[in-house]
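What TrEMBL records for this protein:
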BINDING   A:D27, A:S42, A:D72  Mg(2+) 4 binding site
BINDING   A:D27, A:D72, A:D213  Mg(2+) 3 binding site
BINDING   A:T43, A:D44, A:D119  Mg(2+) 1 binding site
BINDING   A:D44, A:D72  Mg(2+) 2 binding site
BINDING   A:H51, A:D265, A:F314  substrate binding site
BINDING   A:G118, A:D119, A:R144, A:S215  ATP binding site
BINDING   A:D216  Mg(2+) 5 binding site
DOMAIN    A:25-135  domain 'PurM-like N-terminal'
DOMAIN    A:148-299  domain 'PurM-like C-terminal'
Number of protein chains: 2
Amino acid sequence: MNEFELIARYFSRPCADASVVLGVGDDCAALRVPEGEHLLVSTDLLVEGRHFPESTAAFDVGYKAMAVNLSDLAAMGARPLGVTLGLALPSIEPDWLEAFAKGFYTLAEQHGICLVGGDTVKSPVLSLAVTIMGSAPPDRMLTRSGAQSGDLIAVTGTLGDAGLGLRSIQRPESMPPSLNPEDIDFLQMRLNRPTPRGEEGRRLAEVAHAAIDISDGLLQDLGHILRASHVGAVVEADRLPISPAARAWLAADPTQHNLPLTAGDDYELLFTIAPDQWAMLDVPATVIGRITQDKRLRVLDAQGHDMPVHVQGFDHFAPVNLD
Amino acid sequence: MNEFELIARYFSRPCADASVVLGVGDDCAALRVPEGEHLLVSTDLLVEGRHFPESTAAFDVGYKAMAVNLSDLAAMGARPLGVTLGLALPSIEPDWLEAFAKGFYTLAEQHGICLVGGDTVKSPVLSLAVTIMGSAPPDRMLTRSGAQSGDLIAVTGTLGDAGLGLRSIQRPESMPPSLNPEDIDFLQMRLNRPTPRGEEGRRLAEVAHAAIDISDGLLQDLGHILRASHVGAVVEADRLPISPAARAWLAADPTQHNLPLTAGDDYELLFTIAPDQWAMLDVPATVIGRITQDKRLRVLDAQGHDMPVHVQGFDHFAPVNLD
């Protein structure tokens with residue numbers, strides 16, 4: 001099978017999206033951007049062994065590649081327009097490709113987004129380059145730079161699940177024996193098939209001041225908001241939303257107690273919002289702290305004492321130290 | 001140096017482009033697409049050792065990554081809007097990154113396009129993922145599917161230079177001894193720093209019926225036009241535009257005589273145009289054949305005899321055989 005047949009076979013599904021004028025198969029794809037809206041674009045690289053364990057099922061690799069990009073649009077409050085996929089493969093394995101495409105398209109179709117272009121190359125290492133495009137009205141774009149002193153800090157969903165899921169795969173011997181199989185499944189699903197918060201992001205765009213998706217870890221990503229907005233924050237660690245599965249693990253293994261503060265890959269939305277807007281918000285979320293004029297990032301434990309903040313989020317080359 | 005400092009240091013040049021609302025540093029970049037125009041998007045992966053020899057200078061890697069993507073926009077007749085860069089690196093080498101960024105920005109600035117987003121990851125293999133965005137009025141988009149029987153087939157620039165440049169690097173012992181150093185430099189520059197035909201593409205959009213950029217080789221890329229347009233072609237091999245440097249090589253080494261028909265990487269524009277439009281065309285180009293109703297792709301030699309057409313252009317997994 002050659003490159004062109006490969007593309008035709010797995011990545012040329014018909015596209016019913018009216019915004020796609022020209023899809024896969026020319027020098028460029030052509031898209032209609034809604035009049036008066038800005039084009040939003042984000043790009044992500046995923047490398048096997050770094051962004052997903054080598055044991056990850058092909059379906060999940062495809063699913064996650066789509067999810068992390070939809071999550072970037074969600075964090076801006078944007079609607080999806082189209083996505084391109086660059087696929088660097090060591091070899092052509094039809095079964096793998098079919099499952100990968102299925103995972104990729106499953107989530108793409110749920111979010112009404114079409115694959116409009118791509119490139120496939122041979123490479124010693126499996127890696128993916130996904131670029132997603134979306135649109136939003138200029139006055140409804142959620143950025144990192146709008147946080148204001150006094151804002152509540154909140155997150156969607158629960159934190160730390162993906163980090164524990166990763167740990168269960170990379171260091172299975174470290175799992176508490178008391179953990180039941182459903183909990184392990186849940187944590188691994190959170191790692192392999194994160195849920196992009198598209199609808200939540202678009203609702204947040206109406207009221208929130210700033211937002212980011214949590215890919216690198218709560219404190220690291222909050223740090224991006226603080227730097228971009230020139231503010232600080234106080235986070236109350238015991239207010240972090242923790243799933244029952246993660247709670248079961250953390251109760252049995254106190255060494256991982258702080259993992260939800262720093263683990264990445266949950267792809268929940270972290271946002272800031274004026275306190276008087278909170279009551280009207282129709283997005284399920286949990287308040288975890290407050291934006292401050294004081295530019296430090298402080299984390300308080302259950303007793304209200306400052307915890308030492310060493311942010312070791314997911315930086316691909318070296319740890320970041322905020323304090 | 002961590003990932004964030006890396007991005008800040010090399011890839012955060014200020015952007016003066018009014019179409020860029022929000023550049024590097026948020027979850028998405030935000031761009032203004034000119035009212036009434038379509039968004040055009042193309043993505044390319046470049047892997048060291050496959051798309052450029054491992055000996056390629058960092059400047060040239062950056063230059064070429066930008067060039068091949070600008071070339072995709074050129075082939076559609078589009079104006080550039082913005083570009084994203086995914087960089088997978090085995091390690092952080094400041095000298096390499098600085099030279100790479102210089103090559104990338106040199107060409108980007110010439111074409112008035114800003115880097116608006118990106119991602120950097122650690123990977124065993126150096127590879128680049130570039131996604132370029134541009135815009136064009138809906139009635140001025142050059143596609144592959146508009147070729148009509150009777151059209152002239154023409155190309156900009158000269159063909160085979162990059163292929164010979166690559167050969168001079170990969171098999172220096174195969175170079176004719178009579179070749180002078182300036183010729184070799186010229187051929188290697190054509191490989192390492194291809195010239196995207198942006199202005200030419202936008203002019204062609206006014207009159208040409210179909211276009212593609214020659215990345216995989218003349219016959220392979222012409223094949224894409226023929227399939228998309230449901231037509232055939234007759235190409236006269238001895239009408240191909242050949243540079244003096246390539247001519248010197250081919251005269252001394254007849255075994256490479258057909259290389260300009262099949263070698264890739266020249267990034268010239270191949271287009272079809274009605275004969276009565278040719279005289280008015282203000283784009284330097286050479287007619288090399290004609291579109292036919294008969295759906296075969298025929299190549300005639302200097303005596304007017306059919307040459308056997310085995311297209312072995314640049315397919316990353318296997319050769320393509322059109323005949």
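Just so you know, glycine gets a Cβ as well, placed from its N, Cα and C.
Remember, predicted model here, so these are calculated numbers, not experimental data.
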Binding-site residues near A:T43 (Mg(2+) 1 binding site) (Cα-Cα within 10 Å), from A:H51, A:D72, A:G118, A:D265: A:D72
PLDDT averaged over every residue in the domain 'PurM-like N-terminal' (A:25-135): 93
Neighbour tally for A:S215 (ATP binding site), based on other Cβ positions within 10 Å of its Cβ: 23
In three-state DSSP terms, the structure that A:G118 (ATP binding site) belongs to: strand
Alpha-carbon spacing, A:D72 (Mg(2+) 4 binding site) to A:D213 (Mg(2+) 3 binding site), which is rounded to whole Å: 7
Candidates A:D27, A:D119, A:D265, namely the binding-site residues, that fall within 10 Å of the residue listed as 'Mg(2+) 5 binding site' by Cα distance: A:D265
Chain B, Cβ under 8 Å: which of the binding-site residues A:D44, A:R144, A:S215, A:D216, A:D265 qualify: A:D44, A:R144
The domain 'PurM-like N-terminal' (A:25-135) - residue tally per DSSP class, helix then strand then coil: 36 helix, 43 strand, 32 coil
Residues near A:D119 (Mg(2+) 1 binding site) in space but at least six apart in sequence (CB under 8 A): A:L85, A:G86, A:L87
